[in-house]
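Below is one structure; the comments refer to it alone.
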């Protein structure tokens, strides 16, 4: 991902993940907007551009959004992981994938305080090591999340369209193995981000950048290559697979009235499929804008307006907001998660409700007795 400092410039600039992107100074003109870099690669057209003024309110608003994402996302995703570990009935194949998604989201929310600080200070004050860690977490989240959602969609496709094969494929153990493979595959990008990530002092605007550092001679080539790879492998291919899976599932659901031998099982199957579809749809909605921005910038079709730059910041914020939305979706759309959340948050109330339900059940099951005029108990 491009640094906002350089994204709308014609010359090479540091490429970074969204978490490492540095915003311009909220109270100043856009740093380095029309200034050529040290190798003089900026063209005369760039040099004539008027600098864009960014409202001081934008970094404050984004920081407020990140603060909410940090609290809701970290607490919510931690709670999701806890209930899956705590309750045996929650250890299903689908929930194992949800655990993986919650883990990736919880990790990326831990970077929110660092990003908020950068937005307010317009510089990276945390050193080189933390820079590498934050960039790496960001790329891990990006790839792990979309790969997990893709596997969740494939999992639902098998459950709906191939119920017999699902008995062998859809097991918690195999879901755990697939999750491990997802993290190993994402490591090809995450480890590369650790190696390439680092800090760089920009003396012309007196800021420290945290970004991916490519060789200066081939910077433009590596920058474009990275953007295209991220767009294709972290967005286009997974989304196409998801679309195919859900298209086939919709056709299957329309063609049969009863997917399984039981109406209860059929309701559960459709309910879980709907949950996964909503989670996937929300992810795509949240991340599509920033991917489009990056693709447009890579193709050189960029706008130099203040509105475009402001939109870019909010697209980044929208992507991170997704990490705090999933626990809310589970709570509203899945009865099992809702029940477990209530059990954790209100243990005394839930215990009393279970005891009350148990007493009612026992009363219904036991025969009622009436006392006759002789004082003898007779069942009714």
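Sequential numbering from 1, following the chain as shown.
Note: Cβ is positioned from N, Cα and C throughout, glycine not excepted.
As the structure is a computational prediction, the values presented were derived from the model and not from experiment.
As recorded in Swiss-Prot, the features of this protein are as follows:
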- 1-57: topological domain 'Extracellular' (TOPO_DOM)
- 25: N-linked glycosylation site (CARBOHYD)
- 39: N-linked glycosylation site (CARBOHYD)
- 58-85: transmembrane segment (TRANSMEM)
- 86-95: topological domain 'Cytoplasmic' (TOPO_DOM)
- 96-119: transmembrane segment (TRANSMEM)
- 120-132: topological domain 'Extracellular' (TOPO_DOM)
- 131-210: disulfide bond (DISULFID)
- 133-154: transmembrane segment (TRANSMEM)
- 155-173: topological domain 'Cytoplasmic' (TOPO_DOM)
- 174-196: transmembrane segment (TRANSMEM)
- 197-222: topological domain 'Extracellular' (TOPO_DOM)
- 223-247: transmembrane segment (TRANSMEM)
- 248-274: topological domain 'Cytoplasmic' (TOPO_DOM)
- 275-296: transmembrane segment (TRANSMEM)
- 297-311: topological domain 'Extracellular' (TOPO_DOM)
- 312-333: transmembrane segment (TRANSMEM)
- 334-380: topological domain 'Cytoplasmic' (TOPO_DOM)
- 345: S-palmitoyl cysteine (LIPID)
Sorry to bug you, but what's the C-alpha spacing from the residue listed as 'S-palmitoyl cysteine' to residue 131 (disulfide bond), rounded to the closest Å?
36
Same-chain residues at least 6 apart in sequence whose Cβ lies under 8 Å from residue 345 (S-palmitoyl cysteine):
none
Under DSSP, is residue 345 (S-palmitoyl cysteine) helix, strand or coil?
helix
What are the helix, strand and coil residue counts for the topological domain 'Extracellular' (197-222) according to DSSP?
4 helix, 12 strand, 10 coil
Mean of the pLDDT scores, which run from 0 to 100, over the topological domain 'Cytoplasmic' (334-380):
63
DSSP-derived helix, strand and coil totals, residue by residue, for the topological domain 'Extracellular' (120-132):
8 helix, 0 strand, 5 coil
For the disulfide-bonded residues listed here (131, 210), tell me which residue's CB has the most neighbouring CB atoms inside 10 Å.
210
DSSP residue counts for the topological domain 'Cytoplasmic' (86-95), split into helix, strand and coil:
7 helix, 0 strand, 3 coil
Can you name the far-off residues of the same chain, 6+ from the ends of the topological domain 'Cytoplasmic' (86-95), with a Cβ under 8 Å from a Cβ of it?
152, 155-156, 170-172, 174-175, 272, 276, 336-337, 340, 344
